[in-house]
Every structure is written in C-alpha cells, then in structure tokens.
Amino acid sequence: MARLRLLIGLIFCLAISLDSVLSAPVISQISKDVVASVGDSVEFNCTVEEVGQLSVSWAKRPSESDTNSVVLSMRNILSLPDQRYNVTVTEGPKTGSAIYTFRIQNIEVSDMGPYECQVLVSATEKVTKKLSLQIKTPPVIAENTPKSTLVTEGQNLELTCHANGFPKPTISWAREHNAVMPAGGHLLAEPTLRIRSVHRMDRGGYYCIAQNGEGQPDKRLIRVEVEFRPQIAVQRPKIAQMVSHSAELECSVQGYPAPTVVWHKNGVPLQSSRHHEVANTASSSGTTTSVLRIDSVGEEDFGDYYCNATNKLGHADARLHLFQTVIPVPSLS
C-alpha cells in the first residue's frame, strides 16, 4: 500500500511539472529588424503562445549595451502618452496564442534603437525577444574629428575622420583646391589619412568627406600645419651701386612658425633708421620677403650683409655683398 501511495505521488508531481512546462509562455515569433527613414510608419509584431493571463509589454532600450528598458505598452494599453504610438492585441494562429502589435507613425531619429517584447512570468522572471529599428540618416562628421593639427617636418602623420549616420558612412579625403595628395592622385578612399615623413609641401587644407547615399555628403576642412626650420633664398647675392645712390638688398624666408628676420653688418643688427629701412612682407604662401633699403649709399656701407632668420626649430643665414661701381668716363682721345 505504501508503495502504491508513493507511485501515485510521483505520477501526480510529474503531471504538475509537465503541465507547468506545457503552459509556460513562449514568444514564437517577432518581427525582423527594421530599417526605415524619418517620417515613415513602422510596425512590430510579437506572437506569444500560452499567454494566459500574463502581461505582455513592448519596451525600448536606450542602446544595445544598456539593459534598462522603458515600457511603452502593457497588453493593449499605452504606457507613454505619445500620439504616434498605437498598440493592439489580436488572436494568434494557435489556441491560447496572441499577437501584440506596436506601431509608430512619423518616426524620428530618437526612435532608433532596440525594442523588446516582454512576457512577465513573475516578479523576477520574464521571457523576452528583441528587434532593432535602424533609421536612415544623412552623414554627419563627428565632433571628435579634429579641425586642425600640427606636425614637425619628418614625422609621420595620421588623421582619422569619424562620421555618424545610417547606413554607416564611407570616408574619403581630398586636398583643398583639388591639389594632388601626398601619395598621388586626388582622392583617398580611407577613413584614416596617413602621411609618412611629412614634408613642408604637405601643409594645407584636407577635406574629410562622409557619404552614405542619404542626403548630401558632409565634409570638414582640416588644416595641417607643418613646422620646419627657416630656409632663405636670395636672387641677387651681389649688388653693385654707386656712392650717393640708394640700394636694396632682398631675401625670401620660409619657415614655420614664421621666422624672425634680422639684418646684420659686421655682426651688428640693423634696424630701421634715417639711413636704413627694413621692411618685411608676408605672403599667403607663407613666404616672408625682407628688404633692406639703404638711402644714399656711402663708402662705409659697402661690404657683406647677412639676412638671418630664426624660429624655435633653428636658424639660417644668407650673405649678400654690396660693392661699389663707377660710371666709366669716356676717353677723350
């Protein structure tokens, strides 16, 4: 008799367990991930079997990595007062099943993200499945993309352009004024611009261009400044002049940061005075033209002059020689 009671008890427990398994809610189907444009209407469907009296809700998570969700609806009642939202519950294809449909009209960028269909089994247990809503947005270059950069000549340079948008934007690079890229060509289809052993000729503006087929491409001009030692060019290293006439000595200086230019004679720096005038003119190309003008040249003004240019990377000198010339007197014979 005791064995019979034990057997009956085991059968009863097994029946309860089996009934519990058979009646557990199951999300048998959920809509696939959705891709839409701003202003469209979207619809999510979630089919739940063995739902019984359990509560089924739609919820939105801020991101894939954030597990906290905001409940949007519970059964057929909206939890948030948004006129764009609508939720309905209809009978499912199987007995005891139901389809929970959540609709959003006139979607906005803020609607993008993961959505969950949730079946609340108990206070600590729920059955969930999720889908993702991706919204097509035109490319926007991110703020963490630099607007300028500084590099010393001879170093390597890497510039990475970041852009947001969906589909994921493609990045390309082009030089300002359609100039040739350091590696050749006029366009580089890479997110990162790499220049090995930067040269001063690489300085200038580079456009980061982002495009994904949605709206207009976005672009940003990034200024590349290259630091380099001063370099001096002299077109006329020897200047002939007569006494009592004016003379001009000229040198062209390049360098970054812009060098300080000083003229010397006999180791003494020359400054603008009644006898000497120094004029420095900077051009848009980064070249400084320095002119030393001497009014009414005297005997003591002849000799060597030095154009000296200095910046934080070094200095350069160029020698110019002012010598006396005379007008030949024609012979009377």
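Using the three backbone atoms N, Cα and C, a Cβ is placed for every residue, glycine included.
Source: prediction; values computed, not measured.
What Swiss-Prot lists as disulfide bond is Cys46-Cys117, Cys161-Cys208, Cys251-Cys307, and the listing cites a curator's inference. If you look up Swiss-Prot, you'll see 25-128 marked as domain 'Ig-like V-type'. Among the features that Swiss-Prot reports, domain 'Ig-like C2-type 1' is placed at 139-223. Positions annotated as domain 'Ig-like C2-type 2' by Swiss-Prot: 230-323. Here Swiss-Prot flags Asn45, Asn86, Asn308 as N-linked glycosylation site, drawing on sequence analysis. What Swiss-Prot records for 1-23 is signal peptide, and it gives sequence analysis as the kind of evidence.
Where Swiss-Prot records a feature, it is marked here on the structure.
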| residue | record | Cβ neighbours (10 Å) |
| --- | --- | --- |
| Asn45 | N-linked glycosylation site | 16 |
| Cys46 | disulfide bond | 25 |
| Asn86 | N-linked glycosylation site | 16 |
| Cys117 | disulfide bond | 24 |
| Cys161 | disulfide bond | 25 |
| Cys208 | disulfide bond | 23 |
| Cys251 | disulfide bond | 27 |
| Cys307 | disulfide bond | 24 |
| Asn308 | N-linked glycosylation site | 20 |
From disulfide-bonded residues Cys117, Cys161, Cys208, Cys251, the one whose Cα lies nearest Asn86 (N-linked glycosylation site): Cys117
Cys117 (disulfide bond) as reference: those recorded positions from Asn45, Cys251, Cys307 with C-alpha within 10 Å of it: Asn45
When distances run from the Cα of Cys251 (disulfide bond) to each of the recorded positions Asn45, Cys46, Cys161, Cys208, Asn308, the nearest one: Asn308
The domain 'Ig-like C2-type 1' (139-223): DSSP-derived helix, strand, coil residue counts: 6 helix, 41 strand, 38 coil
DSSP-derived class (H/G/I helix, E/B strand, else coil) of Cys307 (disulfide bond): strand
Coarse DSSP state, helix versus strand versus coil, of Asn86 (N-linked glycosylation site): strand
Rounded inter-Cα distance in Å - Cys161 (disulfide bond), Cys46 (disulfide bond): 40
Between Cys208 (disulfide bond) and Asn45 (N-linked glycosylation site): CA-CA distance (Å): 41
Cα separation, Cys46 (disulfide bond) to Asn308 (N-linked glycosylation site) (Å, whole number): 80
